[in-house]
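Enquirer: Annotations per Swiss-Prot:
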ACT_SITE  GLU117  active site
BINDING   HIS141, HIS143, HIS212  Zn(2+) binding site
Amino acid sequence: MQNIINSWFVQGMIKATYDMWLKGWDERNGGNVSLRLLDDDVVSYKDEFYQNPRHVEITQNITALANQYFIVTGSGKFFRNVIIDPADTLAVIKVDEQGKGYYIMWGLVNGGVPTSELPAHLQSHIVRMKVSGGKDRVIMHCHATNLIALTYVLELDPKVITRELWEMSTECLVVFPDGVGVLPWMTPGKDEIGYATAQEMAQHPLVLWAFHGVFGTGPTLDDAFGLIDTAEKSAEILVKVLSMGGKRQTIQTDEFKLLAERFGVTPMDGVL
């Protein structure tokens, strides 16, 4: 008999959340992750689902996700504890047929609900499903230290921040050619920030929340983690460069164009 704890998606969430905590991106209960699951992913584990699952209503329209499964981190759960007790800190949910709420099918054994940022996750999933043709299945949010720091000193303009990050590491243009979206400070956990994040996610795989954190997406947990890790490394370099008095030389526009041609990527409009 298979055990859901040993499934690739629970084990993947354990590794991702622990890696994020080790990076220092997810202090206390900061950060959240969601992974869209296919029917084939869960079919072998349905006998472990709750017979009478709790239903939670939401205020958004998520009809585009009707009957879809997700594994998500729980509200108020510490990332450092997911590896210790995944059944308490994670949840498998299923969006209801009407798209007006979801059922908690597994997990959160000691009570609770999924992450308070679920509105931003679900709206972003809807958008990224369309943009990627269904390939993007992960939404990841964390408090990446250096990316947050930059929102205090750089103009909150996607083109400005994207260019600065591209200049700090050659691989950045290749890893996120669509650049970084940026939102001003907004109240977390509300529908408004969820819709605003999704709007940016329609154009960018990374979205910075000023003074708060970053959202990233990708087909897999590794892809989403690697995307944020790459941007955060570049932000760390920029923080150090700024602390040393600023740039004396950097990658030039014509060099970026050569880089884009070499790797077959199309840079975000207006950045070069």
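A Cβ is built for glycine as well, from the same backbone N, Cα and C atoms used for every other residue.
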Enquirer: Measuring Cα to Cα, how far is HIS212 (Zn(2+) binding site) from GLU117 (active site) in Å?
Expert: 13
Enquirer: Identify which of the binding-site residues HIS141, HIS212 has its Cβ surrounded by the largest number of other Cβ atoms within 10 Å, counting every protein chain shown.
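Expert: Answer returned by the neighbour count: HIS141.
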Enquirer: Where among the recorded positions GLU117, HIS143 do you find the Cβ with the fewest other Cβ atoms within 10 Å?
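Expert: Selected from the recorded positions GLU117, HIS143 on minimum Cβ neighbours within 10 Å: HIS143.
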Enquirer: Within 8 Å of the Cβ centre of HIS141, HIS143, HIS212, which other residues of the chain have their Cβ, at the recorded Zn(2+) site?
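Expert: Result: GLY30, GLY31, CYS142, ALA144, ILE148, PRO188, TRP209, GLY213, VAL214, PHE215.
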Enquirer: Where GLU117 (active site) and HIS141 (Zn(2+) binding site) are concerned, what is their Cα separation in Å, rounded?
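Expert: Spelling it out, the Cα of GLU117 (active site) and the Cα of HIS141 (Zn(2+) binding site) are 9 Å apart.
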